[in-house]
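Peer 1: Below: one structure in structure tokens.
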Ligand SMILES: Nc1nc2c(c(=O)[nH]1)N[C@H]1C(S)=C(S)[C@@H](COP(=O)(O)O)O[C@H]1N2
Ligand SMILES: [Mo]
């Protein structure tokens with residue numbers, strides 16, 4: 001059962017990834033809410049970026065842009081929800097180099113503009129569910145990761161894809177100092193079939209504009225049926241590999257964060273329930289929680305990837 005704190009706010013409302021950060025997260029989270037405006041706009045009509053609509057988009061109401069940009073997890077810029085918006089302006093996102101390497105017949109290293117050029121941009125309005133128990137709906141702009149991987153021509157031995165974020169302590173205050181919560185760079189991974197799934201995208205924008213730095217500029221992964229921490233930000237390296245790669249939160253607490261991390265209301269986090277979630281932008285801390293959906297509502301599309309797997313064990 002959840003621990004209740006004074007004031008009757010269940011800890012599920014404030015569950016950060018690491019127990020000893022709870023108090024601080026709560027305070028910064030509450031502060032962020034106080035300033036978050038209640039008004040939102042619909043997804044911009046691709047003002048800055050031409051992006052085709054997609055049948056994969058949800059018709060749910062997108063979370064207001066002000067919330068999407070001000071309530072973030074991006075530990076390179078600090079552990080608080082408001083830290084990325086406060087600190088990520090310092091990040092230089094141009095020029096930006098990305099490499100696609102490892103077990104591929106056509107690996108390459110690219111400037112971001114060249115990397116993106118072959119792909120038509122799409123708007124993908126996806127639910128995003130953080131492992132901490134909150135969710136958003138974000139109108140991403142991006143392209144399928146599958147197209148990038150196909151172009152690289154994975155070799156038969158490639159079974160997983162490993163991703164790496166930028167390591168640049170000069171511009172990332174969360175990477176400086178004596179105490180570091182995570183090992184840097186932030187790393188993530190997917191099974192090759194998950195990476196090739198049509199729902200899996202690389203995003204370069206949201207709300208029709210280039211990604212705000214705090215949301216993972218200039219290039220981030222979005223895997224909508226998995227907990228948000230799988231959607232690695234500010235990517236510099238994509239590597240095709242044979243073995244399941246190490247992933248940041250799994251290294252930090254293997255009993256709490258699995259490699260798969262599929263959204264699953266039936267498998268609780270050891271310290272809180274995953275049955276429900278709080279939708280950011282809907283009435284703050286005391287808004288009614290909504291039920292969390294299996295695979296974050298994408299079961300029809302992705303359940304077959306996991307047939308025969310014990311999702312309690314391979315969480
Ligand atoms: N490099 C990096 N990527 C990251 C994180 C991070 O701390 N560093 N946080 C993850 C977590 S926990 C979540 S919930 C999402 C948040 O994305 P958003 O801030 O765009 O909503 O980014 C994920 N990607
Ligand atoms: Mo998260």
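Backbone N, Cα and C define each Cβ position, glycine as well.
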Peer 1: Which residue of 99, 165, 261 does TrEMBL report at the same Mo-molybdopterin site as 72, 75, 76, 130, 215, 220, 231, 232, 233?
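Peer 2: Same Mo-molybdopterin site in TrEMBL: 165.
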Peer 1: 10 Å Cβ neighbour count around residue 220 (Mo-molybdopterin binding site)?
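Peer 2: There are 23 such Cβ atoms around residue 220 (Mo-molybdopterin binding site).
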Peer 1: On the three-state reduction of DSSP, what should I expect for residue 232 (Mo-molybdopterin binding site)?
Peer 2: coil
Peer 1: So for residue 232 (Mo-molybdopterin binding site), how many other CB atoms are inside 10 Å of its CB?
Peer 2: 25
Peer 1: Taking the Cβ of residue 76 (Mo-molybdopterin binding site) as the centre, count every other Cβ atom within 10 Å, in any protein chain shown.
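Peer 2: 26, counting other Cβ atoms within 10 Å of residue 76 (Mo-molybdopterin binding site).
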